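Contents: one structure, followed by commentary.
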């Protein structure tokens, strides 16, 4: 049986604008259904892969140093030179930044679905190619590894705006924040999976190819088969992406892109009929299937956009930039923390494969007890507390804890006080995840117009990756000791760890202030937030809806 329900009736149940298209209204008021969770898994597996690929390199950089930069007679195992370490760890971040900008723009031009598959194919191919990096010497291997990881980063970067935008445009307005946050939270499981894979493989290799520790026999401590270990770890990142490809291609284009950008309301209704398991039919007075209000046709670089969305875009870009400086700088202090609590012994007391095991164990524990809980606290509370409150709270506690580490830094360096340092450090990044690390991803997918949504999210995310590069490498140099004799090999003197922590505290405080530029999006339709709920009278008609029995 087919029952006609006017959009006017639907609008009485909604607080969004008076002239929102019926098919979009149906999405906003739809109950949580199986397709919501399917979309979370499909989009989330992309972020699972992203996190695995980005963070697994940290598990094997020590091994790469032992294999390709061993120095005969040295007291310590070989390590990657500073410039090589920066390239291996940072080239994927640079690629990610480019991918966010390019695929964000392309997602608005060609459609979310058409571009979504391209990014996944790039991740699969480049994950495998990274493990196949070839050459007979360190230069050849590192060059090809960096080349493939750059393009891997480009594919990963494209996944940011596309996954966020797709989940935002599929979700109902009541639980939209939690759904987008759940997609992002899959990063935690990706990091965890990287640690588990490395633990399993290193255990197998250590059992099959036993070797002495470095201090006993420097050459024999790195067995030839160790060269396969890092390659397999990197290549396994292709599996979840490959398994997701089919389901991504089965997803229909989002109704908001089809109706508001492609301007085909009839097709949007047909697609969402299948998704929502209801019958949606556009009526005769919108048979031309166009949305042509000239007030909504302004571009990214127009005065209209600057007036309507300039400050929110400044807010999303600046907060993500500042957050990632602090978030990615944690790598500076992890080695000291892990050593202080005995998770990672001195390199000379381990063989090459055992060192991979110890590093993977540390990352796995951090993921389980800090990273993952913070993500899912946000998932459960974002539609209750709101984006603004969580982001302000997160930046506030990150500021407090960073200063708590910095000001009495000499106190924390004493052996009896290091456990306290570890606890405060962990809380800092718990509130990064139960705070701006998630909300900076969610909000840009909600507050901008459909025809510019993916682009603006890509711009915001790219600003974040620029901050990540500053945090991961700028502070790597800044945190070096002022005393030239105490700096890490190959690094010039810096401002020291204490002053670096103070700078990070200030950065977090500025991030809290910039949050006031970002509007609250909780409980509002995307069209209400972006100003797209005003459409021409010729298209503000009715949609027929019936439930399928």
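Quick reminder: no glycine exception, Cβ is built from N, Cα and C everywhere.
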TrEMBL annotation of transmembrane segment - which of the ranges 8-27, 208-227, 228-247 it falls on: 228-247
Annotated transmembrane segment segment (source TrEMBL; candidates 419-438, 519-538): 419-438
From 347-364, 365-382, the residue range that TrEMBL assigns the feature transmembrane segment: 365-382
Result, the transmembrane segment (365-382) in contact with the transmembrane segment (228-247) (3+ CB pairs under 8 Å): no
Recorded stretches the transmembrane segment (179-205) and the transmembrane segment (34-64) touching, at least 3 CB pairs under 8 Å: yes
Maximum Cβ pairs under 8 Å to the transmembrane segment (365-382) - stretch from the list 34-64, 388-407, 458-479: 388-407
Best-contacting stretch, by C-beta pairs under 8 Å, relative to the transmembrane segment (115-134) and drawn from 34-64, 84-103, 388-407, 458-479, 500-518: 34-64
